[in-house]
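What follows is one structure encoded as structure tokens, with my remarks underneath.
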Amino acid sequence: MITTEKHAEVRELLDAERAAGRRVAMVGTSGGTHAGHISLVEQAKKECDVVAVFWNGALKLEWASGGVQAYNRDLAHDQALFEAAGVDIFYIPMRDDLYQRPSNTFMAMPGMLRHLTGMPEGEHMELLVTMVATLLNIAGPCLTFFGEKDWQQLVMFQRMAEDLHLPSRVIGCPTRREPDGVAISSRNTKLSPEQRAAAPALYAALTAAADAIAAGERDARAAAEVALARLRPVADPDYIVAVEAATLRPLDTLDPAAEGGPSDGEVRLLASVRFGTTPLVDNIGVTVPTA
């Protein structure tokens, strides 16, 4: 596995791979590597010849009103996991290399930002999308893989790449789960044994709401209440909301034929629930018949 901190070097490496006729994949992570990240690499290896991991755990990006602190991650641990998974190129973006002077360019996505549920303020999300756009520009033509667990981020990245006509395709991969249905996340390690035992209720509640929709429920709040009723005895729900999957627009009705309903019938139920002080997020997709 080749490791580099220089964006010019990783660009040169990937250009050489493409020139040799090989398909390139990119997987991005902020550190805290777990089985969910490795599953992205596994999918990338199925579809491409060369896999590059962009590890952003060392990166601190600043903006006019403050900064986003670097993650406190174990680089050596993550490197070992990715090398064992068969990653070819391991790129560690460094601020001094990427941003030798303050950046004045930021992505604005007002049409989507106004729909975000339970996410950080818009300025933070614009910074995040800008960072991903920067990394895709460095990677060049590629397939890039993100997990569906963070659905809102995934959709924003996909829309950004499409709107800018980047020579990259953002692919969503199914959420990797524990045998009991809990979405794999670094946050799971913060749960007490009792909280971890209760955590499967989140995905079970979302599944129950999806089943209610499949059985004919078309009121979004009523569908959410199916999940909330299961969760309140064991956790503190922050939100459960139904959105149009491709636009993140919150829905009141789930009927595609009704005004304001999902235009293509594709709905995503998004949830954030606190077990103690630890918030867990998850989501599930539902297809509502359009006829």
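Quick reminder: no glycine exception, Cβ is built from N, Cα and C everywhere.
In the structure as shown, the Cβ atom of HIS37 (active site, proton donor) sits within 10 Å of 26 other Cβ atoms. According to its DSSP assignment, HIS37 (active site, proton donor) is helical. Residues or ranges marked as active site, proton donor in Swiss-Prot: HIS37.
Positions annotated as ATP binding site by Swiss-Prot, on the basis of sequence analysis: GLY147, GLU148, LYS149, ASP150, ILE184, SER185, SER186, ARG187. For ARG187 (ATP binding site), the same-chain residues 6+ apart in sequence whose C-beta sits under 8 angstroms from its C-beta are THR278, PRO279, LEU280.
Applying an 8 A CB threshold to same-chain residues 6+ apart, the list for GLN153 ((R)-pantoate binding site) reads LEU128, PHE146. What Swiss-Prot lists as (R)-pantoate binding site is GLN153.
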Residues near GLY147 (ATP binding site) in space but at least six apart in sequence (CB under 8 A): GLY36, SER39, LEU40, LEU154, GLY172, CYS173, PRO174, THR175, ARG176
Residue, out of the binding-site residues SER185, SER186, whose Cβ gathers the largest set of other Cβ atoms within 10 Å: SER185
For GLU148 (ATP binding site), nearby residues of its own chain (Cβ under 8 Å, 6 or more apart in sequence): LEU154, GLY172, CYS173, PRO174, THR175, ASN283
